[in-house]
Amino acid sequence: MGLCLFLLSFLFHSLYAHNDFFTSIGQMTDLLYTEKDLVTSLKEYIRQEENRLEQVKEWADKLDSLTSTATQDPEGFLGHPVNAFKLVKRLNSEWGDLENLVLKDTTNGFISNLTMQRQFFPTEEDQTGAAKALLRLQDTYQLSANTISNGDLPGVVHKSRMTVADCFELGKIAYSEADYYHTELWMAQALTQLDEGEESTIEKVTVMDYLNYAIYQQGELERALELTKRMLKLDPNHQRANGNLKYFEFQLEKQRKAEAEKKEQEDKKREKKVLDKRDAQRKRSKDPLPERKKYEMLCRGEGVKLTPRRQSRLFCRYFDNNRNPWLLLAPVKQEDEWDRPRIVRYHDIISDSEIKTVKELAKPRLRRATISNPITGVLETAPYRISKSAWLYEYEHSTIEKINQRIEDVTGLEMDTAEELQVANYGVGGQYEPHFDFGRKDEPDAFKELGTGNRIATWLFYMSDVSAGGATVFPDVGAAVWPKKGTAVFWYNLFASGEGDYSTRHAACPVLVGNKWVSNKWIHERGQEFRRPCAIVRVSVLVSMGCVSVQGVNDYASVCAVFLLLCPSTQILKCCEVSGQHML
């Protein structure tokens with residue numbers, strides 16, 4: 001037993017040396033087995049306790065019957081020498097045995113197991129992260145607190161209802177972040193469930209206290225006053241409520257006087273204030289994402305749609321990439337997802353067995369995904385990227401080597417300078433808010449240490465279906481690509497000139513229901529000089545800039561390939577300055 005516990009401890013220590021459980025559903029599944037093991041241990045403890053108590057009960061029942069008979073005629077009973085002997089024996093030894101039985105400690109196994117595993121339990125940070133994820137899902141998919149509390153989510157198989165205590169905990173976490181909008185929503189839900197008769201250790205007055213403050217902070221004095229009066233009916237001696245009653249009445253009277261003087265202006269201000277409480281909360285919290293509304297609309301499947309004319313130009317086809325030898329007999333299924341930027345999806349591009357292998361290789365290595373700080377360049381975690389990731393190298397397993405070769409065959413791009421295959425698993429409400437994959441002009445050193453240039457393209461495998469949410473969206477153009485297991489999407493991050501395509505700014509929407517696994521390959525510039533020739537450039541423009549001096553040539557010429565060989569930048573004019581005027 002001791003050896004088993006040691007091995008179990010070692011296993012969990014190796015798996016969860018880095019926790020952040022809420023950032024990966026894949027690793028959270030292991031917590032279910034941890035809890036199942038604890039339940040098994042607890043049931044064994046209960047079985048032992050029940051067995052012990054059963055023995056005590058049998059002893060008590062036997063003696064209850066015996067003493068009831070004996071006390072009716074004590075002298076007559078003890079007149080029998082065997083009865084006298086047994087009485088002395090019981091009191092001298094058997095009651096001692098019973099005492100040992102009662103005092104027998106059967107908790108050691110359970111307590112030691114619990115203590116050992118507790119050090120690998122989720123932390124307060126995990127609980128807060130999971131709670132914030134629910135709030136994020138509520139906003140993104142416009143769900144009411146009642147809908148979430150009842151577990152009425154799309155695609156749900158295992159429905160689960162939230163208790164008053166659960167709702168209260170969400171409200172408290174929002175309150176601790178000064179998020180009074182969500183504090184109100186969840187304290188109101190907790191109060192509703194209490195009013196409906198749900199039993200809970202949480203008192204109504206306690207819930208009302210938080211709710212009252214959240215309402216007041218959002219400027220609704222009349223509602224705050226009404227709730228205060230209700231609180232005092234339940235607890236007339238509530239100190240804070242009594243103080244608030246006087247304060248709110250004073251503030252309301254002051255407000256009414258001001259309204260009488262400037263009624264029209266105040267009405268407009270008050271109407272604007274209550275128009276969108278969430279917008280007000282975003283301003284208070286200094287939300288850094290300007291396109292949040294557009295991003296969330298796309299995540300819900302709303303927003304921009306292609307015109308019929310543009311839609312008619314999107315096709316499905318069998319694709320062999322200009323008769324690539326590896327694709328001639330088995331061309332891949334290619335589907336146009338979007339036209340500008342061009343986003344294509346490849347169907348049945350990775351098999352279930354390959355997906356299984358990739359997951360098995362990645363799962364033990366999953367660590368909280370990081371972002372590169374644009375100022376310091378240091379890798380750090382961020383609240384807008386909720387996932388765990390791992391990097392897989394092709395020398396580790398033949399499957400990874402095959403996948404890399406397949407990407408090269410389909411895209412026609414060199415993989416030697418690409419980054420390793422990154423595998424990501426999203427957590428509770430897992431997301432990655434709008435971002436660019438390529439380095440912008442204000443990030444000149446973004447990939448300097450790699451020495452392979454900028455990220456020219458992105459290849460993204462979907463390794464699981466997602467019941468609800470989890471789309472890849474492009475807010476600037478209105479594109480939304482939904483996860484489908486076994487498919488991959490591909491797009492170029494850079495124009496053929498080497499300039500960044502800012503329309504490729506994209507995001508991974510929060511996962512509402514399900515478990516999202518993806519893997520991606522970031523392909524870099526170096527090695528692509530002849531695989532993706534640069535765009536045709538007007539020579540007349542170069543001549544006017546003094547970059548070339550050419551007589552009798554066509555107005556168009558492809559010059560980028562030479563530039564790429566001669567200088568580290570793909571910007572044409574900069575290359576001209578470095579490499580001289582007589583390039584053609």
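Placed from the backbone N, Cα and C atoms, the Cβ positions cover glycine too.
For 259-279, the entry in TrEMBL reads compositional bias 'Basic and acidic residues'.
Per-residue pLDDT, averaged over the domain 'Fe2OG dioxygenase' (417-525), rounds to 93. For 417-525, the entry in TrEMBL reads domain 'Fe2OG dioxygenase'.
Annotation source TrEMBL lists region 'Disordered' at 259-292.
Sequence-distant contacts of the repeat 'TPR' (205-238), counting only residues of its own chain at least 6 positions beyond either end whose CB sits under 8 Å from a CB of the stretch, comprise 164, 168, 171-172, 175, 180-181, 183-184, 187-188, 190-191, 194, 244-245, 248-249, 251-252, 255, 270, 273-274, 277, 280. For 205-238, the entry in TrEMBL reads repeat 'TPR'.
Feature annotation from TrEMBL assigns signal peptide to 1-17.
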Counting by DSSP, what is the helix, strand and coil composition of the repeat 'TPR' (205-238)?
27 helix, 0 strand, 7 coil
